[in-house]
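> Taken from TrEMBL, the feature transmembrane segment applies to 6-30, 42-65, 71-91, 103-126, 138-157, 169-191, 252-274.
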């Protein structure tokens, strides 16, 4: 693989991830995020589905499904990284409780930076990379831009309002560039994946984790369950450990890149399902409490 396209791929990933998290932070108040985290039941479900059940399910599926080792590793990396940058959009489409989205995003960022450096060396012995080499890009691409954006929003909200649309546009351009570069560099792998269970395993994984998060979050209102059910995975964070690992199999990156369109399609389907339930719940409430 040529060094220049690979460098462009890494740069696009860096700009996409850092831009997405900074854009989020530029509209995120710390007190709003902490308010959601004070809901102990919501916090327990969010941490459980994000960092216990999600990774465990991905690992189990990687053991039993007919996946090639690179595709299996890609699925396990996805399992470690909950909450894609487009979760707020999906929760809004699902008519969910958007007030809890900041808590989800902060929990996901902190959990990802903490868990991945420990879990990746255990799950992926084939990656010759230590914990600090994994943590470093996560700090640069996930936690630092999020905290920086929140600091700007807190200290100079008028500046944040001006900068945020530009950062969002920059992240969107980087996302397109990332997908194009993945297609150019790994096009043969994309074509080969259609004869494997790569896409099917992702659809199955998302279907199971989404249904579990939505159906089994007992004692949480329907709108908050929508947020918990939209357990999308952060593809950029899943790719981060690969930046410093030598000799990564192309199939791992192909598996992660495939997750972008698969997650969008599955997320839209879940948002439609949850939105329909929200309308039904609202209608039942109006019937139970007629005006007049």
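Just so you know, glycine gets a Cβ as well, placed from its N, Cα and C.
I'd like these features described in context: how deep, what's nearby, how far apart.
Same-chain residues lying 6+ beyond the ends of the transmembrane segment (6-30) with a Cβ under 8 Å from its Cβ atoms: 85, 88, 102, 105-106, 109, 137, 140-154, 160, 163-164, 167-168, 170-171, 174-175, 177-178, 181-182, 185, 236-237, 239-240, 243.
Away from its own ends, the transmembrane segment (42-65) comes close to residues 36, 72-73, 75-76, 78-80, 82-83, 100, 103-104, 107-108, 111, 115, 119, 123, 197, 201, 204-205, 208-209, 212-213, 217, 220, 224, 228, 231, 233 of its chain (Cβ-Cβ under 8 Å, at least six residues beyond either end).
Residues of the same chain lying 6 or more positions beyond the ends of the transmembrane segment (103-126) and with a Cβ under 8 Å from any Cβ of it are 21, 24, 28, 32-37, 39, 42-43, 46-47, 50-51, 55, 59, 69, 73, 76-77, 80-83, 87-88, 132, 134-135, 138-139, 142-143, 146, 227, 234, 237, 240-241.
Through the fold, the transmembrane segment (252-274) approaches residues 70-71, 73-75, 77-78, 84, 86, 90-91, 93-96, 179, 182-183, 185-186, 189-190, 192-193, 198-199, 202-203, 206-207, 210, 214, 222, 225-226, 229-230, 232-233, 235, 238-239, 242 of its own chain, all at least 6 residues removed from its boundaries and within a Cβ separation under 8 Å.
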> Same-chain Cβ contacts of the transmembrane segment (138-157) under 8 Å, 6 or more residues past its ends?
13-14, 17-19, 21-30, 105-106, 109-110, 112-113, 116-117, 163, 167, 236-237, 240
